[in-house]
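Participant: There's a structure below that I have some questions on.
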Amino acid sequence: MPFLDARCSLQSDNLILFGHNMKNGTMFGSLEQYTDRDYLTAHPAIEFETASGCMRYEVFAVAVVNKYDDWYSFLDAADEAVCQEQVSRIREKSLLKTEAMPVYGGQLLTLSTCHGSGSDDRLLVIAAETTADG
């Protein structure tokens, strides 16, 4: 079962969700498909449903980072400059970029799973809030 980083609340600027990379495609096993441009183009949005409603996010970066990467410390932006710096840094590391760009004040959703057997690398699929209902 995927889980929210214990340091996050549903109001955090960056929701970080962790899930196992299951070989049978369950949990976050299918995130690896986001390393393929065609798959990303066909599946640009992620929906995250809570008791409060359904949030929609547009993928803007797909990156492989070390499990100790600074992105995991970016939970809440102190100000717009900090947000832009973090987003620019992760986009530089991104394997694939999209036209989607986060807007300061909007929420980010980071899906994180292991990448490579026995490795400290993690695959991140990072998306920016687009709409909400609820």
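The backbone N, Cα and C atoms fix where each Cβ goes, glycine too.
In case it helps, TrEMBL gives these features for our protein:
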type	residues	note
ACT_SITE	H20	active site, proton donor/acceptor
ACT_SITE	C114	active site, acyl-thioester intermediate
Participant: When DSSP is mapped onto helix/strand/coil, what comes out for the residue listed as 'active site, acyl-thioester intermediate'?
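Facilitator: SS state of the residue listed as 'active site, acyl-thioester intermediate' = strand.
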Participant: What are the sequence-distant neighbours of the residue listed as 'active site, acyl-thioester intermediate', meaning same chain, six or more residues apart, C-beta distance under 8 angstroms?
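Facilitator: When sequence neighbours closer than 6 are ignored, the residue listed as 'active site, acyl-thioester intermediate' has H20, N21, D121, R122, L123 within Cβ distance under 8 Å.
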